Amino acid sequence: MRSLLLAVCLVLALHCGEAAVSCNTVIADLYPCLSYVTQGGPVPTLCCNGLTTLKSQAQTSVDRQGVCRCIKSAIGGLTLSPRTIQNALELPSKCGVDLPYKFSPSTDCDSIQ
């Protein structure tokens, strides 16, 4: 599953670069979170560092919407279990990072300010 997710992310990185924060950056920042999202357990420190970095880089509405679209595109083609979605939704709070969007396939990226 990791190989598939990585392949999807790399392909999407080529198509999501309109905001100042590129999909390559989003993928690099969130990649350390993959083990927690797919398997649970403790959240890796590098994952929380990536979320913090991502939040600090996405300063404008356009940036935040772009980050949201990259995340949605990366997870959109995957079959996600309810537990995987729950783990993704819990990430920001477990890391103490307040994000203006949720890691969910149902997030409306256009509504993010």
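Quick reminder: no glycine exception, Cβ is built from N, Cα and C everywhere.
If you check Swiss-Prot, you get these features:
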type     : residues     : note
SIGNAL   : 1-19         : signal peptide
DISULFID : CYS23-CYS70  : disulfide bond
DISULFID : CYS33-CYS47  : disulfide bond
DISULFID : CYS48-CYS95  : disulfide bond
DISULFID : CYS68-CYS109 : disulfide bond
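Distribution of Swiss-Prot features across the structure.
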| residue | record | CB count, 10 Å |
| --- | --- | --- |
| CYS23 | disulfide bond | 25 |
| CYS33 | disulfide bond | 22 |
| CYS47 | disulfide bond | 22 |
| CYS48 | disulfide bond | 19 |
| CYS68 | disulfide bond | 25 |
| CYS70 | disulfide bond | 26 |
| CYS95 | disulfide bond | 21 |
| CYS109 | disulfide bond | 16 |
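Using a 10 Å Cα-Cα cut-off from CYS48 (disulfide bond), the disulfide-bonded residues that qualify among CYS23, CYS33, CYS68, CYS70, CYS109 are CYS33. The two recorded residues CYS68 (disulfide bond) and CYS23 (disulfide bond) have their Cα atoms spaced 10 Å from each other. Here CYS95 (disulfide bond) is positioned 8 angstrom away from CYS47 (disulfide bond), judged by their C-alpha atoms.
Residue pair CYS33 (disulfide bond) / CYS109 (disulfide bond) shows a Cα separation of 21 Å.
Taking the C-alpha positions, the distance from CYS23 (disulfide bond) to CYS95 (disulfide bond) comes to 21 Å.
In this structure, the CA atom of CYS109 (disulfide bond) is 22 Å away from the CA atom of CYS95 (disulfide bond). Geometry remark: CYS95 (disulfide bond) versus CYS70 (disulfide bond), CA distance 20 Å.
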